[in-house]
Each structure stands twice: as C-alpha cells, then as structure tokens.
Amino acid sequence: MSTATINSWCLTSLSQAQSPQNKATLRPSISARLNSPASPAPPNLIQNKPVFAAPAPIITPTWREDMGNGSYDEAVEGLRKLLREKANLEPVAAAKIDQITAQLKSSDGSSSPFDPVERMKTGFIYFKKEKYDKNPALHAELAKGQSPKFMVFACSDSRVCPSHVLDFQPGDAFVVRNVANMVPAYDKIRYSGVGSAVEYAVLHLKVEHIVVIGHSSCGGIKGLMSFPFDGTSSTDFIEDWVKIGLPAKSKVVAECGDLPFPEQCAYCEKEAVNVSLGNLLSYPFVREGLVKKTLTLKGGYYDFVKGTFELWGLDFGLSPSFSV
Amino acid sequence: MAALRPSSVSFDSSVSGPTNSFMGLLHKSPIFDSRKKLVRVGETHLGSLPSVKRNLVSRLEASSDSLGCGQHLMSNKMGNEMESLDKTDQGLDFFEELKHRFLCFKKQKYLEEPEHFQALAKAQSPKFMVIACADSRVCPSNILGFQPGEAFMIRNVANLVPPVENGPSETNAALEFAVNTLEVENILVIGHSSCAGIETLVRMRDDVNSSSFVENWVANGKVAKLRTKAAAGHLGFYQQCKYCEKESINHSLLNLLTYPWIEDRERKGLLSIHGGYYDFLNCTFEKWTIDFKRSSIEKEGPKCLVKNRAFWC
C-alpha cells in the first residue's frame with residue numbers, strides 16, 4: 001500500500017509470502033513484485049520499470065536458515081552466488097547490487113548490525129547534552145507545565161515529523177500523528193482518541209492554532225484512492241481508518257478522474273486536509289474558539305519531493321444576523 | 001460544505017490579516033515569498049530557498065541571525081510577548097513564523113543532505129515504530145534524536161495502545177501499516193512524567209459514565225489504574241500517577257501482543273517490543289524490552305516480564 005514495500009524491497013522487504021526466520025539488517029531481495037491488474041500502478045518506483053523485468057518465472061530466493069545472520073557483505077555474496085545460478089539476470093542484478101552497496105555505504109559508514117538500543121541511547125545523550133543541559137531555564141519552565149501555541153495533526157510517516165519540518169522545539173506544539181493525518185468528525189465513542197486530543201488542546205492547553213499537515217507520497221491516501229470500499233476489506237483496520245477521507249476521494253475522482261493516478265493522489269492528499277479541517281468544525285469547542293477568534297484553523301502540505309511547503313487557512317465566521 | 005476555491009486576494013503588510021469571510025471559505029494565503037511586500041494569493045509555495053529578507057515581527061528578533069532557529073520561541077516563554085501583539089497582525093505573524101520554521105529545516109537539514117532526502121522521497125523504511133504522547137515536551141524526534149526516515153510515529157493522548165478487541169482505531173490502523181507493510185523491527189512505547197492524560201485516569205471516577213472525550217479515551221488504561229491502586233494506592237497522588245505512567249506503558253506493551261500479526265512476528269524474532277519512560281524533570285530515560293518468552297497474556301492476569309533494563313541520565 002505504501003511506496004515502501006515496493007521501493008525499499010532492496011533493503012528490507014521480501015514478497016509477502018515469505019517469512020525468513022531471521023532478517024539481517026540488510027536484506028537484499030531478488031523477488032520481482034508484479035502489480036496485479038486490478039490495483040493501480042504505484043506512483044513511484046526506483047526505476048520506471050520493475051528492476052528484474054524478466055518475463056520468465058519470478059525468482060524466489062531459496063533461503064537458507066543462516067542466510068540472514070551475517071553482515072551485509074555476506075548477504076551480498078549470497079545474492080551474487082544465487083545470481084550466478086541464474087545467469088540471465090546477472091547484468092541487471094549486478095548494476096542493482098552496485099547501486100544498493102553504494103547507497104548503504106553512503107548512509108551507514110560501518111557495516112555493523114543495527115542496534116536499536118544503542119541508537120536510542122545515542123539520540124538521548126545527544127538531546128540531553130546539546131538541548132536539555134544548554135537550555136536549563138526553558139526546561140525548568142516546561143517541567144512545570146506546557147503551553148504550546150500550536151496543535152498539529154501530522155501523518156505518522158517517518159519522513160514528516162513536524163519537529164523537523166517546522167523546527168518545533170520542546171514546548172512548541174501539541175502533536176497528534178496518525179495515518180494520513182486524518183481528523184474524524186465528532187464521535188465520543190468511535191473516535192475518542194482524536195477527540196480527546198482536540199478537547200485537551202483547545203479547552204485545557206488553549207492552543208491558538210490548529211494545523212493539519214498533509215504530505216506527498218502518502219501511503220494512507222494512496223490506500224484511500226486504491227481501496228474499493230465496496231464492502232470487501234483487505235486490511236483489519238487501515239481501510240476503516242482512511243475511509244474518513246472518502247469525501248476527498250469522491251471530489252478528486254469527480255473533478256480529476258482523467259488525470260494519472262499519482263496526480264490524483266497528490267490532489268487527494270491536499271483535499272483530505274480540507275476534509276479534516278471541515279471535520280474539526282464538528283467539535284463545538286472548536287467552533288466556539290473560531291467565533292471568538294481565540295483559535296485559527298490552518299491546512300498545510302509538505303512536498304518532500306520538491307522540498308516545498310504550502311499553507312492555507314480556513315475562515316469561519318457567523319455573519320451578523322438580522323431579523324425581519 | 002466549504003469549497004476549495006483559491007481566491008485572488010492580494011494584500012501587503014499594512015493591511016490586517018486574511019480578510020474575514022463567511023462560513024467555511026477556504027483561501028490560500030501567501031507564504032514564503034519574502035522578497036515582495038505585496039503578495040498575490042494563489043498557488044504560492046516555496047520552490048527553492050530564496051534569500052530570506054528579515055521580515056519578522058518583533059517577538060522573533062531574539063533570533064541571533066536571520067535563520068536563527070530553535071531559540072525564537074524562547075522569547076515567547078520568557079516575555080509573554082504574544083499577549084501584547086495586536087490581534088490584526090496575528091494572521092500574518094502566523095504565516096511568517098511557519099515560513100521561518102520551514103526555511104530553517106530546509107536550510108539546515110534538507111539541503112544539507114540532498115541525496116538522502118531524495119532517497120527518502122522515493123520510499124521510507126523506518127526501523128522503529130514509536131507510540132508517544134502528544135505532549136509538546138516529549139517529541140521522540142527531539143528526545144531520542146530520530147531523524148527523517150527513522151521512526152514511524154503515532155502520537156496520542158497518554159501514549160495508549162488499545163487491545164485488538166476494542167475494534168478499529170487510529171492506533172491500530174497505524175500499527176497494522178507499520179508492522180505488516182513497512183515491516184518495522186522495533187516497536188517502542190514511550191511514556192513520560194507529569195502526563196495529564198494519566199493524571200486524569202488516576203483522578204477520574206470509574207463508576208460514572210463520562211461526558212468528556214479525554215476520560216472516554218484514557219479509560220483504555222483502566223487496567224493499569226487498577227494495578228496502580230492495588231500496588232501503590234497507599235502512596236500520594238503524584239506518586240500514584242508516576243507509578244501509573246509506567247504501568248500504563250506495560251499495559252500498552254501487552255495490548256500490542258493481542259494483535260496476532262504482532263505476536264507472530266515477536267515470536268519469530270522479527271520484531272522487538274520496548275517500553276520507554278522519559279522523566280523531563282530530571283532528564284532521564286528508562287528503557288526496557290519485553291521478554292516475550294516469559295511474558296504471558298493468560299486470563300489469570302497479564303504478566304509483562306521484561307529484560308535489558310537500562311537507565312540513561
């Protein structure tokens with residue numbers, strides 16, 4: 001559903017049917033993933049064609065138990081060995097191996113296996129030394145309480161954290177992150193998660209701005225545009241969640257249905273932000289804040305392909321009444 | 001329903017903020033074109049990094065240089081200058097502030113590593129899924145230094161994970177995506193000190209149906225509250241809260257295991273589940289990992305047994 005499984009196959013994922021016992025940090029996959037005719041083509045591929053464009057049978061690696069245990073050098077060697085056995089793929093694969101190796105070396109100088117705990121510890125120690133200890137006054141204030149001016153809805157996508165994209169420091173923004181940065185309409189039973197965040201931010205923290213930020217290449221929106229929503233369901237929970245954005249899909253299909261799928265997704269990413277802004281209006285305390293002008297609603301769109309950020313506002317008001 | 005209609009309102013800095021209009025009119029406002037005072041609304045967006053002209057209002061002048069990031073809001077905290085701002089300027093101020101923030105990011109991160117960001121633009125392959133509180137003080141990108149592409153993140157009130165039997169929610173939709181599609185290797189639930197959501201949970205009455213969203217949501221942590229009352233009910237309120245903050249993390253970790261595809265991957269060693277607790281009073285971080293083989297979720301009582309405890313300070 002996301003571009004991830006298709007594009008990062010060379011690093012992480014295998015075909016869904018396979019479950020190797022142990023995955024090494026780097027798992028070069030050599031199985032070609034073909035799109036089924038029913039689903040639309042994914043908007044992004046590393047190249048604009050499947051890497052192994054062999055019409056011949058899909059290559060599935062025969063995994064040995066120990067294949068995933070070693071370093072990436074061993075993994076690459078294993079791949080090379082397998083390809084020697086399938087000589088017709090060698091030129092294509094060789095080019096890909098060089099590309100993968102270069103990418104991996106450039107992103108991670110060492111070839112030691114990834115240690116998540118060490119990664120977290122390094123990050124925390126850096127934060128403590130470079131941020132916390134260097135701003136004692138700020139953090140002393142924050143320890144007593146928070147008073148952020150912003151409430152931000154952002155996608156859970158690892159590439160769009162508002163702390164990076166909008167440089168939010170501790171104390172700046174109350175941030176909710178979920179798939180496709182959706183805000184559902186007021187529903188105390190079904191959507192108490194989002195509702196509790198909005199309620200707390202508006203009534204208790206008294207934030208001044210609520211910003212809903214969408215982004216490019218959103219897997220959740222792509223799912224929204226792809227799923228049929230005809231009563232069948234291929235996921236346990238994802239379809240149920242992204243269906244909040246169905247009004248956006250309807251509008252995009254009606255107005256831009258002739259455009260290529262990736263462009264429709266891009267329109268839907270922005271239109272879904274507007275649907276979320278509209279849903280925010282279903283919360284009475286939000287409406288009240290807007291009318292009293294203690295609160296503003298904003299929509300945003302971060303395009304990480306182009307490196308751009310768009311921002312727009314929702315105006316809400318009640319015109320003076322008159323009676324006849 | 002509001003229609004998305006870019007309106008061609010143009011204004012300069014002498015005019016008050018975006019014009020008020022009637023219900024639900026969406027308009028695009030100018031951003032990121034600091035070279036012109038008179039800006040046309042429309043499809044304006046930042047295409048490349050312009051030379052940024054100092055066009056910031058007084059409260060941002062605490063910045064040491066034209067792209068001084070991270071310090072500008074300290075002046076807000078210190079001086080409460082926001083209250084003295086004229087309301088009519090707030091619309092423009094908001095856009096200016098966000099523009100400034102985005103340009104900081106673009107200059108200091110995005111343009112510094114173009115190849116990395118190009119690769120990320122094609123695909124993400126984070127190794128972590130993080131569930132953290134929405135609290136403004138505890139963003140994992142700050143406290144654990146997660147960089148773009150490293151962590152798929154859910155943030156909700158009190159970093160709660162409801163069990164599978166509660167039905168669909170935003171938390172389990174994200175879990176499903178992270179585990180089944182992105183195939184993350186680590187799930188980390190991070191709680192923190194002085195969590196208002198947990199405080200509400202400990203404080204609230206259990207026998208009354210609540211009309212508040214927050215109480216309805218934090219009721220997902222009721223089991224943690226019961227365990228807290230049983231083990232620490234004799235302690236003071238704030239100590240009970242602290243106990244409950246950690247107990248709630250463990251309860252969320254066990255709730256993760258109620259999802260069959262999570263339990264399956266844990267059992268196969270493809271996935272590790274960690275808990276973390278950030279104390280921002282002392283700036284310490286505790287971390288532990290579920291010992292899957294020894295934990296259980298039988299009906300007699302869920303047990304969360306852990307290993308590899310660490311304490312960083």
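Just so it is clear, glycine is given a Cβ too, placed from its N, Cα and C backbone atoms.
Now, the feature entries from TrEMBL:
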type	residues	note
BINDING	B:Cys133, B:Asp135, B:His192, B:Cys195	Zn(2+) binding site
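Non-local neighbourhood of B:Cys133 (Zn(2+) binding site): B:Arg155, B:Asn156, B:Val157, B:Ala158, B:Asn159, B:Ile190, B:Gly191, B:His192, B:Cys195, B:Gly197, each in the same chain, at least six residues away, with C-beta under 8 Å from its C-beta.
With a threshold of 8 Å between Cβ atoms, the binding-site residues B:Cys133, B:Asp135, B:His192, B:Cys195 that neighbour chain A are B:Asp135. Within 10 Å of the Cβ of B:His192 (Zn(2+) binding site) there are 23 other Cβ atoms, across all protein chains. Compute the center of the Cβ atoms of B:Cys133, B:Asp135, B:His192, B:Cys195, which mark the site for Zn(2+); besides them, the chain residues with Cβ within 8 Å of that center are B:Ala132, B:Ala134, B:Arg137, B:Val138, B:Ala158, B:Asn159, B:Gly191, B:Ser193, B:Ser194, B:Ala196, B:Gly197, B:Ile198, B:Glu245, B:Tyr278. In the structure as shown, the Cβ atom of B:Asp135 (Zn(2+) binding site) sits within 10 Å of 28 other Cβ atoms. According to DSSP, B:Cys133 (Zn(2+) binding site) is assigned to a strand segment. In the shown protein chains, 23 other C-beta atoms lie within 10 A of the C-beta of B:Cys195 (Zn(2+) binding site). In the three-state DSSP classification, B:His192 (Zn(2+) binding site) falls within a strand.
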